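K.L.:
The following block contains the structure, expressed as structure tokens.
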Amino acid sequence: MKSVYHHFAIIFFLKLFLCNCILSIPKKTLGKGLFSLGLNEFKNNVDNNSLNILGELKNSKPFINKSFIQINEKKDNVLLLKLYKQNIASDKLSTYYGKIAIGENSENIFNVLFDTGSTEFWVPFKTCKFTKNNIHNKYERTQSFKYKYDDKGLPSVLEINYLSGKLVGFDGYDTVYLGPGFAIPHTNIAFATSIDIPVLEKFKWDGIIGLGFENEDSQKRGIKPFLDHLKDEKILTEKNYKNIFGYYITNTGGYITLGGIDNRFKRSPDEKIIWSPVSTEMGFWTIDILGIRKEKQPYMNERRDDEVIVKYEGFHDGSNKSIVDTGTFLIYAPKKTIENYLNDLTINSCEDKQKLPYIIFQIKSKEIESIKGLSVIELVLSPNDYVIEYIDEVNSTKECIIGIQSDEDNINGWTLGQVFLKSYYTIFDKDNLQIGFVRNKQTINDETYLNESFLRVSKKRNKKKSYNGPL
């Protein structure tokens, strides 16, 4: 029997493995603390690069006092949600989470994982048997809570099965707050009454907000995914925002930009975003990776990590539906690609990093001139991008591993996790069903790239239209 950590892996998030969902029966004022972000706390929770990017916020006092910070309204018209990074030293893992509140006139404050690789939105209910130490926040019913009923008029009950446990609960509705004055009424939420997943005891986040699309399970239960709810109820557009969000992460934290694009997170404010069309049939944000190729490091006096002459040639392994996943750490490649083309992508010491090639992803695009009937863009990862540096806790030495691993389930698609997303400010456009990529502002170097240790194990993806996570 495989251990939990074989599935749990280097990946730090919970990916929902949605199986059979069964349908049968089963007051206080809002705390100001959630939406108060003092300048000192703000400084302590971002790295120096991010502080340079956000330096102009020093004089923006009216905006600092919000969990969602409204910035550059006339220019960018974007909301900013802070992501906190948690390092789990004992298991050599990391995770990013944000804060929300649930319920009118309540103190239901939660740390949540924002996950484009799942659809479910769940938090633990107050009676939930969750962890031994009872360290997680739990939901108490509010005046704005409503049950969701099935077609028999009974409360809708769910069971979600994971590889290492299960979650049981019921469906309901309540108001979700992302900041003062930014409420999302009547949001579909699953309230867990029993969670038998021991590894959750290690995480600071309490639940998951799935940012994926409708799938077979949500259709069966009559659940509207979170992003669909935002769009259908015009939560953003009525406030003159767009139905898009961006994902920007650094070595110490990050931000979700909601409703617009924050140009300060680009490497250059004027740098163009390149877009790839999204397909939704799998329930995830999937794009077509047409192939990849390797290039030797270019010789130049002032090298930029993605500055390489692109060529529309190289190794093409066919059009693969691939997931852009904010809940996965590594990049997972099709097994045949690792075996047939990237089999020499190995490293014995950190010094070997200089010998590694640039990896160029050839991705279907809407905009670039057509090549053999396909519109193609190329995104580049340097060895600095995909090699993970860490400190060996036993020997206190710097070690390196490759952040691109094989998907052992023989699934043809890729999973672009946070190793990839750390290099690109990534925009998820709900209205136009496209994902935008632009090199981010963060400069990664040998000393600051990653100082945490990570456990090198594997994650599995299941058959089409389902997704296996680390549990």
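Placement of Cβ uses the backbone N, Cα and C atoms for every residue, glycine included.
Features from Swiss-Prot:
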| type | residues | note |
| --- | --- | --- |
| SIGNAL | 1-24 | signal peptide |
| DOMAIN | 96-438 | domain 'Peptidase A1' |
| ACT_SITE | D115 | active site |
| ACT_SITE | D325 | active site |
K.L.:
For a quick check of packing: other C-beta atoms within 10 Å of the C-beta of D115 (active site), how many?
P.N.:
24
K.L.:
So how many other Cβ atoms are close to D325 (active site), meaning within 10 Å of its Cβ?
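P.N.:
29, counting other Cβ atoms within 10 Å of D325 (active site).
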K.L.:
Take every residue in the domain 'Peptidase A1' (96-438), average their pLDDT values, and give the whole-number result.
P.N.:
86
K.L.:
Quick check for the class: what is the C-alpha distance, in angstrom and rounded, between D325 (active site) and D115 (active site)?
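P.N.:
D115 (active site) has its Cα 7 Å from the Cα of D325 (active site).
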